[in-house]
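Here's what TrEMBL has on this protein:
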ACT_SITE  SER240  active site, charge relay system
ACT_SITE  ASP332  active site, charge relay system
ACT_SITE  HIS367  active site, charge relay system
DOMAIN    212-422  domain 'BAAT/Acyl-CoA thioester hydrolase C-terminal'
Amino acid sequence: MAEHGPVLNVHPSNCLVDEKTEVEVKHLAADYKITLHALIRSEDGDDWESFGRYTSDSSGTVKVSRDKSLGGTFEGVEGMGLLWSMRPVPESKPGRRFRKNNVQTPVKVTFSVYEGHLARGFKHHIPLTSATAERWYLAPEVQRVEVTEGEMKGTLFIPPGSGPFPAVLDLWGGQGGRVEYRSALLASRGYVSLALEYIGILTAEGKLHHVDNTYFETAFTFLKKHPKVRPDRVAVMGMSFGVSVTLGLTAYSEIVEPRCVVCTSGSHIMPLKGSLADVYAALQQNVDKIRYDEKMRIIWRDLLLPVPDDPSKKVKMGEIKCPVLLIVGEDDQNWPASESAADMKKMMEEAGNSHLLTVLSYPGTGHLIEPPYSPHVRFSDFKLLEAKTKVVVLWGGETVPHSRAQEESWQKTLAFLEEHLYDNSREVTRCC
């Protein structure tokens, strides 16, 4: 090894979370065994780690995008394996999920080089060298504005520049609250994005309030009328529970007329022209269909199965007049995304509008399809809003195919939005 020890380079060391990072170690001895380790401390105070075992080449170099990991949390040539294979450290409580709540700070990743091929106990070893990278959901100069319009609550993200820009109404899933990180990333890519809070809203008396469809229409109208938004270029993006809302509004609302929609891990099964309260009521009727795996992790996908033949129990897909991108995990244990996608395709073929539908279906992929390089979470704690109790939910997916799906589906989502919301050419916003 070189006299001054190895040098660890992480490039870029400051970038958006959907960008690739090159990790390289130089000035090792030839054929030298090392373990590359990555560590993140989540906002919940949990440590997440990954590692790969490498042997340097004849010049004393290890390059993660070129060289094979010989074992660890990932194997083979995996340029981003140190990020997507992250998992809670062994002593963590079970049921952890990695989510960024404060998008105004970066995800800090500490990369370290250890001598030899290690498998555990990294905190008991002193690294040869370390380097830190900062990965952001929010690009520099993107504005973050908390919004209250009547009873509507959300966070608006506005890209830098004079605009006007296309926009996305971002509807997350059944966990509730305000989830900002996808909206922040969309704004970092050139879209005004509104992360809408719509599940888990409490009344003045502290009771759960199910918003009606006018709530979403207010949000869509707010976006359309914003001075930085092109009113004819507004999309809706739904995740999980948000898919039912997205499709219902797109099919029936005279106010919500999106240019296109993106639907991830969801279903069209909901009462005809129904509201959130109607969907909850329909689910309550099927609680006997809840299953558990061998570790008593809850499986909800059967609540909506079999896909009903009765057209009054699902969104009338023939009414949709804009392009639809469906993203499906074939191992989704939470929602019947695959069966729903097949039925939606059939309905649209029968209605003559299937040319508007694009389906991305991924084997070995679970429910939580996140932005690329996010850690795969097969199961996690989930707070039941009505009962105010906590359960462990099985989301599904296997780490390698799920991670591949996250990367590809995000790239295809950006391409889909670009095609339908932007003119033919533009500069893509980048932070580094």
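Quick reminder: no glycine exception, Cβ is built from N, Cα and C everywhere.
Unlike curated entries, TrEMBL annotations are predicted automatically.
Calculated from their C-alpha atoms, the gap between SER240 (active site, charge relay system) and HIS367 (active site, charge relay system) amounts to 8 Å. Distance between Cα atoms for ASP332 (active site, charge relay system) and HIS367 (active site, charge relay system): 5 Å, as a whole number. Mean pLDDT for the domain 'BAAT/Acyl-CoA thioester hydrolase C-terminal' (212-422) in the predicted structure: 94.
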